[in-house]
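Asks: The structure under discussion is supplied below as structure tokens; questions concerning it will follow.
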Amino acid sequence: MKKLLKKYEGLLFISPWILGFFIFTLFPISFAFYIGFTDWNSFTAPKFIGLDNYINLFKDPNFLNSLKVTALYAIFAIPLGIISSLTIAAIVNVKVKGIYLFRTALYLPAVVSGVSIALLWRWILDPDYGLINLLLSYIGISGPNWLGDPSWVLPSYVMMAIWGAGGGMLTYLAGLQDIPRSLYESAEIDGANWWHKFRHITLPMLSPVIFYNLVMGIIGSFRKFNDAYIIGGAENQGKFYMVYLYENAFNFYKMGYATAMAWVLFVIILLLTLLVFKTSPLWVYYAGEIQSSKSKKKKTFEKNVFKGYEINRLKGAEINGLKGSEMNRLKGTEING
Amino acid sequence: MKKNFLKKLAAGFLTSILLVGTIGCSNASDSANSNSSKNGKVELKIGTWAGAQELKEFQAIVDKLNKESKDYHLTIQSIPADYYKKIQTMAAAKQAPDLFWLSQEYIPMYAELGVIAPLDDYIKGNPKVNLNDYFEGPLQVGKVNGKLYGLPWINQPVMLYYNKTLFEKSGVELPKPDWTWEDFEKAAKALTKDTNHDGKVDQFGTVIDGWPPIATWVWTYGGEIIDKNGKVRIDEPEAIEGIKMLNKLINVDKVTPTKTQAQNTGGPEMFKTGKVAMFFGGAGDDFEKQVGNAFEIGMTKVPHAKTEATFSWIAHTVMSNNTKNKKVAAEALVDLTNAIHDWKILPPTKSDLEKVEKIRPDKKYAVDIIKESAKMARGFNNQKQQNELDNAIWQELYEPILLGKKSPEKAAKDAAEALRKILGQ
């Protein structure tokens with residue numbers, strides 16, 4: 001008896017979380033899978049309609065529009081966001097008096113609530129009284145009707161996203177400070193200029209952070225909701241995927257349709273993320289290994305930030321949890337490096 | 001030693017959390033179970049979006065009813081934010097309040113889904129309801145497939161507010177109740193100007209930014225968006241005539257600020273600050289109070305063309321299909337609705353219209369014209385998919401017109417097509 005208890009002791013301790021997982025995660029997910037195949041107004045019993053929701057989705061011009069708006073936004077906002085975050089991080093990665101003040105100021109957008117930021121931007125983008133058009137008017141440019149002109153809606157959103165780049169700055173900054181000085185020093189001895197150093201030391205050393213931000217950026221862009229829901233935009237150009245999903249679920253009472261949309265979004269994000277993971281061996285460099293995919297020869301390099309020698313056997317994708325089996329061999333401390 | 005103490009502290013903390021949790025839970029289940037309780041009265045919940053001051057006033061009404069009634073005891077369930085989302089969730093879990101408020105556009109859907117119950121059998125013979133006393137417009141929106149699903153407690157027609165001071169300063173004749181849209185247009189043009197001569201128009205005749213509803217023009221020109229039988233008629237000549245006038249005001253005469261301008265500042269704010277001379281507002285709006293002595297306000301009917309009509313904001317009290325004792329609930333619904341007629345303007349009944357002056361002394365100057373507007377006020381011919389229809393009208397018709405992107409004919413045609421698709425016609 002005691003032995004038995006001992007065996008399940010661990011499970012018993014984590015049972016609240018396991019139960020939570022089953023009740024609040026696994027069950028809703030499987031239920032949602034079913035709902036995606038039904039016509040459900042959320043009041044009366046769901047009616048099974050097979051694949052109709054999925055078929056109708058791709059015939060629905062509003063759906064296709066929301067997909068287009070969201071994809072376009074992602075294409076511009078993610079790279080620009082990464083570039084600006086990285087640039088900001090590089091700029092504030094200097095040792096000057098009062099640099100902490102700047103870092104804090106630049107990080108602020110990530111702390112303030114999304115709703116208040118959205119309302120603030122609505123004013124900044126006002127064509128008549130807004131800050132941007134006021135500044136433009138000083139240099140003789142009559143600014144566009146940002147959110148009111150369909151062709152300027154997307155640029156407005158990309159601009160807002162870049163303004164929030166300070167949030168991403170933090171991870172880059174941490175990454176930058178983790179790069180050993182010795183690398184730069186030896187490069188300088190070899191006569192490298194700033195570009196060489198950036199291209200051949202900073203970028204490769206930061207690639208795991210860029211990789212992380214890219215994946216999070218893809219997920220975040222496709223799930224954009226808050227500010228789009230609040231400030232909208234002319235002619236549906238501000239109707240992002242999630243906004244249209246929400247509309248279907250809570251304004252049109254088409255819960256089955258909205259759930260089908262959620263699954264399509266899930267598949268899109270999954271595919272994109274997988275794509276990024278698949279390509280990661282080509283450009284993501286983890287300190288501690290130099291990978292040549294053809295010869296499959298691995299050399300240890302410098303001091304491994306992950307400490308453990310086992311990590312060398314893992315590729316990027318596995319570290320991030322796609323293959324659990326290998327991970328088990330690592331102890332927590334090693335992962336956290 | 002120290003470690004031990006910390007352990008105890010943590011344990012105590014956890015226990016207290018657990019305790020608070022269980023107490024909270026038991027309380028919740030208590031109140032849910034007590035459907036009929038104290039002195040044999042039926043316990044009823046009334047769902048409302050009233051909050052803050054409005055809620056206090058409503059509470060006073062409910063308290064009074066509770067004191068008077070031998071049959072029921074009402075408890076208010078206040079949902080001031082996201083009302084329809086919460087009602088939807090509650091109804092899905094069969095936990096909707098016994099009685100609740102519904103704005104007109106939701107009634108057909110709730111009725112057809114069986115969330116709310118028809119009242120006909122329960123109010124028949126109740127001496128406190130006289131359906132003939134109700135105005136046709138507000139009562140009509142509660143009827144679905146020939147049955148009555150609610151009693152209206154408010155009928156707030158759109159009226160034309162104007163800034164008397166601005167009119168007089170510009171030497172323009174004040175709006176009259178018999179104005180046609182052409183008269184309106186003429187005055188609006190005369191009042192739209194650049195007062196500080198910086199090359200930008202800063203005073204506008206009116207403001208149209210998605211409000212008032214497109215029906216304001218379609219109906220007065222003798223058209224319909226969707227008729228009583230659910231047939232889409234927005235692409236018929238009468239409706240298009242109305243849309244043409246709307247388009248002219250916005251894109252030819254340019255008597256309204258742009259959509260972005262209006263929406264960022266807010267149409268009512270532009271009127272209150274004297275930037276807009278004429279504003280379409282609900283009869284009960286308290287501009288008089290808000291403007292104070294800044295300028296003098298006038299009120300009249302909305303202009304007409306072929307016929308007189310105005311859109312009215314109408315809300316009903318409805319009864320949940322899940323309420324246990326429908327007879328008593330319906331009785332409470334009647335009493336409650338009648339009591340609100342003494343509180344909100346405009347009451348949807350002919351006999352209660354006399355109370356407007358008493359309820360809102362600040363409207364005394366316009367009582368006669370308000371009464372006249374009440375007679376021609378109506379709601380939409382709401383459909384089950386009303387939210388989706390409204391969305392399509394905005395997307396295919398109203399917004400493109402506001403932005404000058406479509407001709408009235410094209411907008412009407414596109415909108416009709418979208419509406420038919422939603423309705424499966």
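Cβ coordinates come from backbone N, Cα and C, glycine included.
Reproduced below are the annotations present in TrEMBL:
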- A:12-37: transmembrane segment (TRANSMEM)
- A:63-276: domain 'ABC transmembrane type-1' (DOMAIN)
- A:71-92: transmembrane segment (TRANSMEM)
- A:104-124: transmembrane segment (TRANSMEM)
- A:152-174: transmembrane segment (TRANSMEM)
- A:203-222: transmembrane segment (TRANSMEM)
- A:255-277: transmembrane segment (TRANSMEM)
Asks: Within the same chain, where does the transmembrane segment (A:104-124) have neighbours whose Cβ lies under 8 angstroms from its own Cβ atoms, ignoring anything closer than 6 residues to its ends? I mean 6 or more beyond.
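Replies: Counting only partners 6 or more residues beyond its ends, the transmembrane segment (A:104-124) has Cβ contacts under 8 Å with 88, 92, 130-132, 147, 156, 160, 163-167, 169-170, 226-227, 230-231.
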Asks: Which sequence positions outside the transmembrane segment (A:255-277), separated from its termini by at least 6 residues, show Cβ-Cβ distances below 8 Å to it?
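Replies: Sequence-remote neighbours of the transmembrane segment (A:255-277) are 32-33, 35-42, 46, 49, 53-54, 56-57, 63, 211, 214-215, 218-219, 222-223, 241-242, 244-246, 248-249, 316-317, 320, 322.
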Asks: Determine which recorded stretch among A:12-37, A:71-92, A:152-174 has the most C-beta pairs below 8 angstroms with the transmembrane segment (A:203-222).
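Replies: Of the candidates A:12-37, A:71-92, A:152-174, A:71-92 scores highest.
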Asks: Within the same chain, where does the transmembrane segment (A:12-37) have neighbours whose Cβ lies under 8 angstroms from its own Cβ atoms, ignoring anything closer than 6 residues to its ends? I mean 6 or more beyond.
Replies: 46, 48-51, 53-54, 255-256, 259-260, 262-263
Asks: When you scan the chain for residues with a C-beta under 8 Å from the transmembrane segment (A:71-92), skipping those not six or more beyond its ends, what do you find?
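Replies: Same-chain contacts beyond the ends: 99, 102-103, 106, 154, 157-158, 161-162, 164-170, 172-173, 175-176, 202, 206, 210, 213-214, 217-218, 221-222, 224, 240.
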